[in-house]
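Everything below concerns the one structure shown next.
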Amino acid sequence: MKPVIALIGRPNVGKSTLFNQITKSRDALVADFAGLTRDRKYGDATYQNKSFIVVDTGGIGESECGIDNYMAEQSKTAINEADIIIFVVDARAGLLASDEQIARELRTLGKKIYLVANKVDGVHAEAALVEFYKLGMGEPLQVAASHGRGVQQMLEDVLQDIPEDENPEEHDKDTGLRLAIIGRPNVGKSTLVNRLLGEDRVVAFDQPGTTRDSIYIPFEREGRKYTLIDTAGVRRKGKVDEMIEKFSIVKTLQAMKDAHVVVVVVDAREGIVEQDLHLIGYALEAGRAMVIAINKWDNMSEYDRKQCKLDVERRFDFIPWARIHLISALHGTGVGELYPSIHRAYESANLKVSPAKLTQILNDATDQHQPPTVQGRRIKMRYAHMGGQNPPTIVIHGNKVDKTPADYRRYLENVFRKVYKLEGTPVKIEFKTSENPFEGRKSQVDERTAARRRRYIQKFKKAEKKFKR
């Protein structure tokens, strides 16, 4: 089993930057804002054939109210999960009272702890680190995480007692069905994730946009593996002023591309707004399978529920293939019914059919409804084959098929959907016109032969006229 290493420290000491250096990614949002990382964030890492899991935590601050206190509780949870703790301090800021308080708590845990002094660049390291010996954790390991300096030496020290992997490929674990939960800020995404997981895993605070980063959470249900991706809420671009929110939008779009199925969460009480439609548009551009969850359905009047249903039917008419569920993430109503739709969408998105079967369906469709004519010549569709999955892509070859009008494309899409009962996924149809191998070639016959052909043609036409008389 992979060991778990937790990065612990007060806010803004550089834990997220160090996390990125260790995991070789930008998986944690990094900016010069105290308390930016608001939730535990897991990342797989490998160093010198040793695999481990890194947990990036929110800072343990001095505030005892609001979200800062809640984040402190999340950090304590990460400490309990960890096999090794990296206690990060700021060499530039020096030793603070909150560092000493954290050190006292860590010493009571009986776990292996490594003191790491970050931001040693630009300071006299030996002088700056003297005061940290007061913590009683030995000599601090020196790093400059923003530049990657000292990180390798730190990992060698931290991982010295961890055995090498017998086979690194065994650690490329199957993440199962990857499920991205997306939506505007404060529509209940994190509450839905917590309900699906059955634990208070993601910070769900009554503040818009409490989850700024995308969080990957592996779990199992009824013997099936999943990875839940809880994304930051996407705001309208006009309101995205802070660098943090810009990072979050990018992370949400990346999470969509990484997911197999996207669950779009909509607030029933606020109704469907343009940003909900834009978000669905992003998912369609990514070609992702989709399930719609209309959340906060509880405590609505019968009239409001009726109006909401009418609004859903009207505004979502461009995705008739998407399953729509009315749920209450807070109370769990309807949440369990999401899974069958998720599974059906996943299976539809990963359709695999032989070229022979697809071509037969194509022939039946064109026999029932002939393709239109283009410039006096009818479009001829010869054969079809799969071009990919998620979304299912069907490639059709023939003559002038690239001229196929939109309404006939929709007809073919509906035929394939009906035959294979495709639900919850867009279907992409591509057309490839067969090239004429002789196009552009000049005639190789000499003038004498060409003249003889012309005489034969003239004689044939005269004979044809006499026959008609």
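Backbone N, Cα and C define each Cβ position, glycine as well.
Here is what Swiss-Prot records for this protein:
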BINDING   9-16, 56-60, 118-121  GTP 1 binding site
BINDING   183-190, 230-234, 295-298  GTP 2 binding site
DOMAIN    3-166  domain 'EngA-type G 1'
DOMAIN    177-350  domain 'EngA-type G 2'
DOMAIN    351-435  domain 'KH-like'
Distance [Cα-Cα, Å, rounded] between Gly183 (GTP 2 binding site) and Thr57 (GTP 1 binding site): 24
Neighbouring C-beta atoms (10 Å sphere around the C-beta of Val120 (GTP 1 binding site)): 23
Per-region confidence, the domain 'EngA-type G 2' (177-350) (mean pLDDT, whole number): 81
DSSP three-state assignment for Lys15 (GTP 1 binding site): helix
Protein Cβ atoms within 10 Å of Gly183 (GTP 2 binding site), excluding its own: 24
DSSP-assigned states of the domain 'KH-like' (351-435) in counts, ordered helix, strand, coil: 32 helix, 26 strand, 27 coil
Entry from the binding-site residues list Asn12, Thr57, Asn186 having the most other CB atoms no farther than 10 A: Thr57
Local Cβ density at Trp297 (GTP 2 binding site) - other Cβ atoms counted within 10 Å: 21
